[in-house]
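Accompanying notes for the structure given below.
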Amino acid sequence: MRLGADRVRVRVPATSANLGPGFDALGLALGLYDELDVRLVGSSEVRVDVTGEGADDVPGDESHLVVQALRAALDLVGASQAGLHLVCHNRIPHGRGLGSSAAAVVAGIAAARGLVADAEALSDDVALGLASQMEGHPDNAAPAIYGGATVAWTAGARTGAAPLAVHPDIVPVAIVPPTRLSTSSARGVLPATVPHQDAAFQAGRAALLVEALGRRPDLLLDATADRLHQDYRRSVMPHSLALVDALRAAGVAAVVSGAGPTVLALARRTAQGTDADEAIATAFGPSMGGWRVLVLPVDTDGVQVVRVPSG
Ligand code: HSE
C-alpha cells in the first residue's frame, strides 16, 4: 500500500485494566493522554524526542515501542518503511498500571493508520489484533483504541472487544505511587491454579461489575471485589494493597489499577467532589509521601489521529 501523508498527530489515553474482578478482560480509558507528532523523513534516520513521563529512560531509536508498533503496522498492510522523527509528550506515568505500554503500541498503530493511503486497512479491529499480538493481553489496548469501558477476549488467534456502558456518576480517581512495578514482576507472583470457589466468586463479581458500571454504581463496592490477583500481589505492592483495604473499609470501590501499583477508585460524583475524597485524605493524613491523586474523566474517544499538512 502507498503512503498518503507524511505527518500525523496522535493522542492516546491512559487505561486501567482489570477493574477488580475483570482480570485480563475489563478496561477503562481515562482522560489522561500521551500526544505524539510523527513525521516521515527522507533519510533512514530515526529520531525520538520525549518530554514528560519516561523522558529519561525510553530509548530514542528503533527500539522505541511506538516506532516498533508503527513499523509492524506498516508491514502488516504492505506499506514501505521510512525514516521517522517522533516527538512525544508523555503524561501517562510509566510502570504504574496505567497502560503506558499499550498506549505506545496503540499510538504507533494509529500513526501508521494516519500515514497510509487507506486508513480502513488499519481499522480499530485490525489495530486491536496487532496490539494484542505485541502486548500479550488486550485489556489495556481495547479501551485505548475504542475509549470508554471495554471487555476484551481472545478466541484462538482472534481478539475481540465490546463496549460497556459507564454511568455518568462514576468518577475514576487514580492514586499513583512514586514507585514503579513491572507487569512481569506482578504476574510472577500469581499462582498457577486457584480454588474453584474463588473462580466462582470471581465470575459472579465480574458479571455484577458490568451492571454496576453501566446502571448501578451503588453496587460498585461489591462488584469490584477480587480473589484472582490483588491479594496474591500484596507482597510486591504492600502499600497499594493497604490503601485498597483502607478505602474499601470506608466504602469506596477501590482496586489495583492493572498490574499496579496505582490504586484506582471508581468513585461517585457528589455535590462537592467525589465520595472518595474524604477516605483518600484520611488514608494519607498530612503527607502524600510522593503519591499523586488524579481525578480523571472517562475518555470516550479512544485513540485519535489527524493528518498535519506538511510545510
Ligand atoms: N491484566 C494485566 C495484569 C495487566 O493484571 O497482569 C494489563 O494487561
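Heads up, residue numbers simply count up from 1 along the chain you see.
Cβ coordinates are placed from backbone N, Cα and C, and glycine is handled just like the others.
Because TrEMBL annotations are produced automatically, they should be read as predictions rather than curated entries.
Look at TrEMBL and you will find Pro93, His94, Gly95, Arg96, Gly97, Leu98, Gly99, Ser100, Ser101, Ala102, Ala103 tagged as ATP binding site. Positions annotated as domain 'GHMP kinase N-terminal' by TrEMBL: 65-148. Per TrEMBL, domain 'GHMP kinase C-terminal' is recorded for 214-272.
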Helix, strand or coil at Ser101 (ATP binding site) [DSSP, three-state]: helix
Shell list (ATP; ref centroid = CB of Pro93, His94, Gly95, Arg96, Gly97, Leu98, Gly99, Ser100, Ser101, Ala102, Ala103; cutoff 8 A): Ala14, Ile92, Asn140, Gly258
Distant-in-sequence Cβ neighbours of Ala103 (ATP binding site), under 8 Å, six or more positions away: Val12, Pro13, Ala14, Thr15, Asp34, Ile92, Asn140, Ala144
Neighbourhood of Gly97 (ATP binding site) by C-beta distance under 8 A, where only residues 6 or more apart in the same chain count: Ser16, Ala17, Leu181, Thr183, Ala186, Val256, Ser257, Gly258, Ala259, Gly260, Pro261, Thr262
Binding-site residues (Pro93, Gly95, Gly99), the one with most neighbouring Cβ atoms at 10 Å: Gly99
In the chain carrying Ser101 (ATP binding site), residues 6 or more apart in sequence that have Cβ under 8 angstroms from it: Leu65, Glu135, Asn140, Thr183
